[in-house]
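Visitor: Pulled from TrEMBL, these are the listed features:
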- 9-16, 56-60, 119-122: GTP 1 binding site (BINDING)
- 183-190, 230-234, 295-298: GTP 2 binding site (BINDING)
- 3-167: domain 'EngA-type G' (DOMAIN)
- 177-352: domain 'EngA-type G' (DOMAIN)
Amino acid sequence: MSSIVAIVGRPNVGKSTFFNRLIQRREAIVDSVSGVTRDRNYGKSEWNGKEFSVIDTGGYIKGSDDVFEGEIRRQVELAIDEADAIVFVVDVTEGITPMDEEVAKLLRKVTKPIFLAVNKVDSGSREKDAFEFYNLGLGEYFTMAGMSGSGTGDLLDALVLALPDAQEPEEDVVELPRFAVVGRPNAGKSSFINALIGEDRYIVTDIAGTTRDSIDTPYNRFGFEFNLVDTAGIRRKAKVKEDLEFYSVMRSVRAIEHSDVCILMIDATRGFEGQDQSIFWLAEKNRKGIVILVNKWDLVEKETMTTVQFEKKIREMTAPFTDVPIIFTSTITKQRLLKALETAVKVHETRKRRIPTSKFNETMLPIIEQTPPPAIKGKYIKIKYCMQLPTPTPQFVFFANLPQYVKDPYKRYIENKLREIYDFNGVPIDIYFRQK
Ligand code: GDP
Ligand code: GDP
């Protein structure tokens, strides 16, 4: 699990410009291969070999000119709760504003690493204007220009030094599948967890090896052993009642990154909406297993809406990754709750599965031979060997003489074949073409 860095600050200081700079390189790679719509406010970044997740908190607030102070305050409070480090961006051309003071006041109480980034320092002459930001009481600041990138390197050097090292899973320990139940407020997550494991979820166990910071708790129910990853939304239920996208996404980030399989609950009476989509892509982007539960199915008039229609709508919203189990549940009538758990276990097993290289070649090479990648500029692409990589999530590499000529449609063809043959339902996979 990588660390989470939140970018906070009032509107127009340059948060999203800085955010885009941070994720640019990686996103460019991801986009060109998957064609997947990306969340504009969440991404992965890397600096000096350290990977971290970045959240642009401002991106979740709409109508940038008339944002309420209260909204910014809650945004910062949540960032303080959920992030490992916070970058507070201010604007040198405007100096300290009352809203900056407000944010600084909240941040001064925090023990997590805080980085004050004085932005829009486009020229040397603005360096001296930055002095006034000492008055925010946050100590040293970094000057930068998010637009050109100048100064951002020093900030990032300091930032990644302050981030905790990624925890390696302990050897020899049989890892239980880690499930995170995620979704918008009111979808029925707590009801689902209650129905599944009862009220004892509040009992904090003192099992050896579970550290105090550990956010998952082991359970054994219906013959399945698993860890349930605590989402902040469940633990600190409804500190605020707002239904803003920001809250559900922000609250899900840590749980999702920490999980193996995300159980995404949606409210059948509301349908699959933008926020559900954001959480879905968050899980997909992190290469987690996904199971979608359409909950409160007891409330849906079966004459007006069928499971087939509902499924079709969800597939439209999650394309191109449509190979995901969808289960219609009710925590009230207990409909298909066990099935939901069973499916999550199955997705976890699929995600861990290793296909032996010889078998894989035997299966895939004839398919490739029959439908090879189309020749480009008279050059024929030959694929002679393939294998699954020993990575935590399924990744497949195909060795070719001219891998650069293999285009997206062919890659999708291979992915579809793989899914057809091997059943990767609910599991994101990666496919690479490399030089032999
Ligand atoms: P956000 O609302 O905090 O996310 O701010 P944006 O990233 O949308 O930037 C607000 C405005 O400031 C945009 O017009 C940007 O082009 C501009 N901006 C961002 N970074 C810089 C910078 O380093 N220098 C200058 N001069 N303008 C910048
Ligand atoms: P959470 O915010 O996602 O944890 O949602 P809750 O579990 O607190 O549920 C929100 C509301 O929806 C509560 O009033 C539940 O009783 C209700 N609810 C949850 N699941 C179902 C369901 O399957 N059917 C019906 N009719 N109501 C449900």
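Just so it is clear, glycine is given a Cβ too, placed from its N, Cα and C backbone atoms.
Context for these features, please: burial, neighbours, distances.
Guide: Residue density at V121 (GTP 1 binding site): 24 other Cβ atoms are found within 10 A of its Cβ, drawing on all protein chains shown.
A helical conformation is recorded for K189 (GTP 2 binding site) in the three-state DSSP classification.
When pLDDT values are averaged over the domain 'EngA-type G' (177-352), the model yields 80.
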Visitor: Given T57 (GTP 1 binding site) and W297 (GTP 2 binding site), what distance in Å do their CA atoms have, once rounded to a whole number?
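Guide: Distance (Cα to Cα, whole Å): 33 Å.
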Visitor: Rounded to the nearest angstrom, how far is the Cα of W297 (GTP 2 binding site) from the Cα of V121 (GTP 1 binding site)?
Guide: 54
Visitor: At the Cα level, what's the spacing in Å between K189 (GTP 2 binding site) and K15 (GTP 1 binding site), rounded?
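Guide: If we compare the Cα positions of K189 (GTP 2 binding site) and K15 (GTP 1 binding site), the gap is 32 Å.
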Visitor: Do any residues at least six apart in sequence from W297 (GTP 2 binding site), in the same chain, have a Cβ closer than 8 Å to its Cβ, and if so which, in order?
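Guide: When sequence neighbours closer than 6 are ignored, W297 (GTP 2 binding site) has A268, F328, T329, S330, Q335 within Cβ distance under 8 Å.
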Visitor: By the count of other Cβ atoms within 10 Å, pick out the sparsest of the binding-site residues N12, T57, N186.
Guide: N12
Visitor: Using DSSP and collapsing to three states, where does G183 (GTP 2 binding site) fall: helix, strand or coil?
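Guide: Looking at the DSSP assignment, G183 (GTP 2 binding site) belongs to a strand.
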